[in-house]
Amino acid sequence: MATFYHVRNASVLFLWVLVSAGCVWGRPATFLQDFRVSWGDSHITRIDQGRAIQLRLDKTSGCGFASNKKYMFGRVSMKIKLVPGDSAGTVTAFYLKSDTDNVRDELDFEFLGNRTGQPYTVQTNIYAHGKGDREQRVNLWFDPSADFHTYSVLWNHRHIVFYVDDFPIRVYKNNEGRGVPYPKMQAMGVYSSLWDADNWATRGGLEKIDWSKAPFFADYKDFNIEGCEVPGPANCASNPRNWWEGAAYQALNAIEARRYRWVRMNHVIYDYCTDKSRYPITPPECLAGI
Ligand SMILES: *[C@@H]1O[C@H](CO)[C@@H](O)[C@H](O)[C@H]1NC(C)=O
């Protein structure tokens, strides 16, 4: 009897801790519940009751989808299998964006296709308070069209981290104290799309889409969004007890830091921070050590 009472009490306590922590339920997102098609409906196929989807690009159209809700801080991830074979000129994107154009906040993953056997490039970009132009490019160390890989964005008050599987490929710190803008005032929706970008994507637009290889397919599954929903409880976003604001998420841990260094040393092919022709004066967020 006593044991039973304790067990029950413990589970009540556990629930109380979750609720009082302002915790957003970690229900796995599904396409049907959490997203809607934003364009090219006929080019999106739902698979496995909306747990997975396939995007198609052909000469008539690409397509895209968007989350139903917006979010303030948190972590968003999805598994993507990119367009295989000759994907030159195609771009598959996964991004977070506010719906305010002139003071836009945006966190971008763009996967730039390539000719068969040439490496896929991941371009990331960050808009804060309407200012973007912070592109970085990384060549992947595996073939992202052979299998699903997890792409995620962690966004908290301290920093924004882009991950490819468990490897951080980009970190943007909150350096507001040094006058660097940081996205933290606006909720962002989650978006994805597949489209024809052969005017710029592959070797600067030199490599065109080979339409004889169309249609092109990108596959998605395992959507996961944990964050403060907007509209939702007003105090959620500033709650320091949200797990993504925890000590373990305030900085890269030792393993992540080592992986990040490895990516930076071996796989970065472009960084706006070191592009002197574009930025004769180094942008403040690029200065070493900050
Ligand atoms: C495509 O492959 C070429 C040749 O290997 C490489 O220079 C380029 O960075 C790759 N990616 C893009 C997006 O052009």
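Placement of Cβ uses the backbone N, Cα and C atoms for every residue, glycine included.
According to TrEMBL, the signal peptide annotation covers 1-26. The feature domain 'GH16' is assigned by TrEMBL to 5-220. The active site, nucleophile annotation in TrEMBL covers GLU106. Marked as active site, proton donor by TrEMBL: GLU110. Marked as N-linked glycosylation site by TrEMBL: ASN114.
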List those of the recorded positions GLU106, GLU110, ASN114 whose Cβ lies under 6 Å from any atom of ligand 1, in sequence order, or write none if there are none.
ASN114
For the domain 'GH16' (5-220), mean pLDDT (0 to 100):
90
In all the protein chains shown, the tally of other Cβ atoms within 10 Å of the Cβ of the residue listed as 'N-linked glycosylation site' is 21
Near GLU110 (active site, proton donor), which residues of its own chain have a C-beta under 8 A away, given they sit six or more steps off in sequence?
VAL91, THR92, ALA93, TYR95, VAL122, GLN123, THR124, ASN125
DSSP-derived class (H/G/I helix, E/B strand, else coil) of the residue listed as 'N-linked glycosylation site':
coil
Enter the number of other CB atoms within 10 angstroms of the CB of GLU106 (active site, nucleophile).
17
Measuring Cα to Cα, how many Å separate ASN114 (N-linked glycosylation site) from the residue listed as 'active site, nucleophile'?
25
